[in-house]
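The annotation domain 'RNase H type-1' is assigned in TrEMBL to 8-120.
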Amino acid sequence: MTRKLALKESISSVGVVIRDCLGQVVAALCKPLHARFPADLTEILALEQGVLLAQELQLPRVIIESDSLNAIQAILDKDTGNSYGHIIQGILQASVPFETCLFKHLHRKFNIMAHELAQHVRKSGSRHLWKGVTPPFVASFIHFDML
């Protein structure tokens, strides 16, 4: 699963991609956050949305990936003493029911699809969720994320 953020003129947005072990898209989400947040907070909120979507899909084992090393490190360190600590605590609590839940950093070039999903909110202005299908406007990016 990967996620990404986008900053519209006045709002932040997130994109989430959930893949199976073969790299096939299981679900995708893009969501406006209805306010403009600092990049660090938007990254944390994107991770939260990824964990919540994985929960909704009742996935037993997940790997949560982000190109934000700071966000991943804060979760791995269980850094709940910062200004976003309550969100990190929520992510940690939401990850408990999974059989396995790993948090990993990935290079930005492998997060293109999630980035494009976040950018899609600039055009649509609303939340979109795809289950069992790949959003057509990001289908061409699937292979780039898996190289």
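Any Cβ shown, glycine's included, is placed from N, Cα and C.
A mean pLDDT of 92 is what the model gives for the domain 'RNase H type-1' (8-120). Per-class residue totals from DSSP over the domain 'RNase H type-1' (8-120), listed helix then strand then coil: 49 helix, 28 strand, 36 coil.
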